[in-house]
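According to TrEMBL, the protein carries these features:
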DOMAIN    52-238  domain 'Dihydroorotase catalytic'
BINDING   60, 62, 152, 305  Zn(2+) 1 binding site
BINDING   62, 63, 64, 94, 278, 309, 323, 324  substrate binding site
BINDING   152, 179, 232  Zn(2+) 2 binding site
ACT_SITE  305  active site
DOMAIN    349-422  domain 'Amidohydrolase 3'
Ligand SMILES: NC(=O)N[C@@H](CC(=O)O)C(=O)O
Ligand SMILES: [Zn+2]
Ligand SMILES: [Zn+2]
C-alpha cells in the first residue's frame, strides 16, 4: 500500500530538507521525497500548511503495564502516543513486577507488538526489583532487544554497585538512563524548596538533591566509559555540569521535559497534585537555563516522562499524592507554543530534539525522512489553536498541569510504518 503526502512543509534534520515537498511511502518505508510526485497511491493526504516531520521519539515514558493497568496499559499508552505524534517510545521498568530480566524484556516486546499501535522499546532495571542491591542480567536483556538500563523512579544509591553496573553497560554498549535524586537529601520533600513551599507549609526538595547525583553519575561515567543519558533535568547546575562534561568529551546526553521548561513553582495553584512530579517544578532561573541549554544543544532531547496516575490518587494533594504527570498528548503542543512560536527553537531544532537526537541515543535508524528509512511520520498544524482538556485524552491518566492551557500547534496525523494510526478531527 502506498501513501502520498502532498505539499507539506517537510522538516527533516537528517537530510536537512526544509521546504515544500511530497512524501511517498510504500510497504512501511519512505520511497521518495520530491516536488510534485505524480503517483497512484492507496491514500493521498493533503498536507498543505502542515509540518511533515519524522515521528516523535519519546525516550521516557511509564506505561504501568504489567501491574498497574488501572493507570495505563500498553494499549492505552500507545493510543496516547499516537495522539501525541509519538511513533516510538521507551518504557521505563518500574512496573509490577519490575522489568529486570531477559524474559520480561522478551514478553513485553512481544506484547507491545500486538497491543500497541506505535513502536515500544523496553528499558531494563539496573538492579533486580529496583531494590538497589543486585545487578540485573544486562547482557541477557540486551540480547532480547532492551533499549537502555535505568533505575528510574530513583537513583541507585550505592555508588560502588552502580559503578559495577556501568562497567557492564560500557562493555555491552548499553546506555544508562539516570534519574538523579539523592534519596537521603530528599528528606520527605514534595515540591521545590522555595518561597512557594514555605508559603504552602510543605517540605521542599532542593536543587542539590538532583545536582549531587548528576555530578556523581557524570564522574562514574567518566571512570567506566559508560554512555550516560540524564533524565528529566530540572536545575541550572545540571545544565552547567552537562556543558562541562560535553566540553570534556564525555559521552553524556540529557533530556528536559515540557513541564520543566513551560512551568515554574510559582505556577502551582493551591495544593493541586497535578503539579506534583519528580523532579519538581523549579524557579525561573532554572527554567531559563533549561531553555538556554535546549537552544544551544547542551540539552539534546525533549522527552515527556509520561507518568499516569489515578484521579483519586492525585486528589490527595501535594502531601499524599504520588509524583508524576502525563505528557504524551501535550508535548508537541506545549513545545510548539513555548519554544517554537516564541522563536526559541526553529521547527528544525524541535525535530532534532524530539526525533533525530532521540533516535541517535536509542541507536535506531529512525528520526529521518530520508528515502529508504522507516515511514514513521508526524503531521503538525503549526497554526491550529486549541485548549488542552484532560477529558480529550485517550490516556487513562488525566493528571496534567496543562488543563485549560491555550496552545498553538496540533498533531493532525501520526503514521507508523506507513500506516495512519491517528488522525485529528
Ligand atoms: N516522574 C515522576 O514524578 N514519576 C515517575 C517516576 C520518575 O520518572 O522518576 C513515575 O513512575 O510515576
Ligand atoms: Zn525519574
Ligand atoms: Zn520517569
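Backbone N, Cα and C atoms are what each Cβ position is placed from, and that goes for glycine too.
Unlike curated entries, TrEMBL annotations are predicted automatically.
Features recorded in TrEMBL, as mapped to the structure shown.
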| residue | record | contacts (Cβ under 8 Å, 6+ apart) |
| --- | --- | --- |
| 60 | Zn(2+) 1 binding site | 90, 92, 152, 177, 231, 232, 255, 257, 303, 304, 305, 306 |
| 62 | Zn(2+) 1 binding site | 72, 91, 92, 94, 305, 306, 307, 308, 324 |
| 63 | substrate binding site | 72, 73, 74, 77, 91, 95, 120 |
| 64 | substrate binding site | 71, 72, 73, 77, 95, 308 |
| 179 | Zn(2+) 2 binding site | 150, 151, 152, 153, 154, 155, 231, 232, 278 |
| 309 | substrate binding site | 71, 321, 322, 324, 397, 399 |
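In terms of DSSP helix, strand and coil, the domain 'Amidohydrolase 3' (349-422) has 17 helix, 27 strand, 30 coil. With a CB cut-off of under 6 A applied against ligand 1, the binding-site residues 63, 94, 179, 305, 324 are reduced to 94, 179, 305, 324. Filtering 63, 152, 305, 309 by Cβ distance to ligand 3 (under 6 A) retains the following binding-site residues: 152, 305.
Cβ-based neighbour count (10 Å, all protein chains) for residue 152 (Zn(2+) 1 binding site) stands at 25. Among the binding-site residues 64, 152, 179, 309, 323, the residues whose Cβ sits under 6 Å from any atom of ligand 2 are 152, 179. Of all residue pairs in the substrate-binding list (62, 63, 64, 94, 278, 309, 323, 324), the one with the greatest Cα separation is 17 Å apart. Shown in sequence order, 61, 92, 179, 231, 232, 303, 304, 306, 307 are the same-chain residues outside 60, 62, 152, 305 whose Cβ sits within 8 Å of the Cβ centre of the Zn(2+) 1 site. Within its own chain, residue 323 (substrate binding site) has 276, 277, 278, 307 as residues 6 or more apart in sequence whose C-beta sits under 8 angstroms from its own.
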